[in-house]
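Student: The ATP binding site annotation in Swiss-Prot covers 7-20, Gly101, Asn145, Arg170.
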Amino acid sequence: MQACAVIAEFNPFHNGHQYLLEQARKVTKADLVIVIMSGNFVQRGEPALINKWERARVAINCGADLVVEIPTEYAIDSAKEFAHAGVEIAQKLGASFLAFGSENPDLDFENESKILDRQFDQRAKKYNQNFAAQLFDDTAIMNSNDILGINYAYWNSKSKRGLQLIPLQREQADHRDTEIKGSIASASAIRRAALEQSEYFNAVPKASLKAIRNAKLTSWEDFWIMLNYRLLTSTPQELRHIKGVTEGFENRILNLVDKSNSFTELMQKLKTKRYTYTRIQRSLTNILLNIQATPFNLTKTRLLATNQLGRIFIREAALGSVVMTKVTKEDFENNYAITKRADDLYQLVSPYQWGKGPIIKKNVKE
């Protein structure tokens, strides 16, 4: 069977996402669509609006055949490393295609990735590795979806087993839009509306609306006490070991945390021209979850949800060594220790029946 992979967050799943899955299947004529999805914390360095299991259930009910998880340490990383993990998983699963939304689908993504790679080397020589890495994550250069597309092309070119990249015209609002003006809206606008209990119903499929209404919605403010405690009991030396905390940023954080009464207030105090909100949020998430800089080492992915076609694909492609259907103690210690830590903290503010196996969709609507 030929599979088309889609790397996503679905935070939350909206009409634009459903269109993407439909087009991915239609354009590639793939036998099944695999979604490679962030877990309970997402790439902007914040908790997902609803838990990963419910988002995976929605994806399966809205066009995906198989949903697997990007481990937390990569899901909350820069666009470059987020893409690295997604492409790596897609290749390990034997996907033939990688489809993604783009504002400029005619862009030569492979050529752009080579240009960006050269610019990275130049910036790294002049400044440092951390500052240069922002180039692969810079939405001031172009839209975030195209930045991701370029990073997909970059990592795809590094592999012996390349995927066929399928950029698809994006049918959704700009990710920076904060208002909902119709049936197509940005995920950030929908999150804001859901948290403020204002109207967003026409912008999401029924399955997603049901999930949002029934779930405990989360935001960074739910984790403020945990983060505050972590910072107040940490030394600058300890924070320097945390991924993304460099160039004295640990001192700035510790100087401002006891002057802040909320997560939002701390973010406003920490923001500078050099430190964007997203970069700060990622650093704070790494602090909360005690994520330290380590070499890239992604060997397995966790199965979150599947239908019958997805189960057949896993069996026929002999993916048992790559896809964890049951997570063992050894897996948690070696492959999923950080993800388990993230899930345990998330559960404290958004209770869910953890420990269960993946969601299996039968031939009936769930």
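Placed from the backbone N, Cα and C atoms, the Cβ positions cover glycine too.
Provide an account of the burial state, proximal residues and distances for the features listed.
Tutor: Spatially close to Phe13 (ATP binding site) yet at least six residues away along the chain are Arg55, Val58, Ala59, Cys62, Val204, Pro205, Ala207, Ser208, Ala211, judged by Cβ distances under 8 angstroms.
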Student: Here the binding-site residues are Phe10, Tyr19; which one has the lowest number of other Cβ atoms no more than 10 Å from its Cβ?
Tutor: Tyr19
Student: For Ile7 (ATP binding site), which residues in the same chain are close in space, meaning a Cβ under 8 Å from its Cβ, but six or more apart along the sequence?
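Tutor: Listed in sequence order: Ile36, Met37, Ile70, Phe82, Ala83, Gly86, Val87, Ala90, Leu98, Phe100, Leu148, Tyr152.
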Student: Among all the protein chains here, how many other CB atoms are within 10 A of the CB of Asn145 (ATP binding site)?
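Tutor: I get 21 for this one.
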Student: I'd like the Cβ neighbour count for Gly16 (ATP binding site), meaning other Cβ atoms within 10 Å of its Cβ, all protein chains included.
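Tutor: Around the Cβ of Gly16 (ATP binding site), 20 other Cβ atoms lie within 10 Å.
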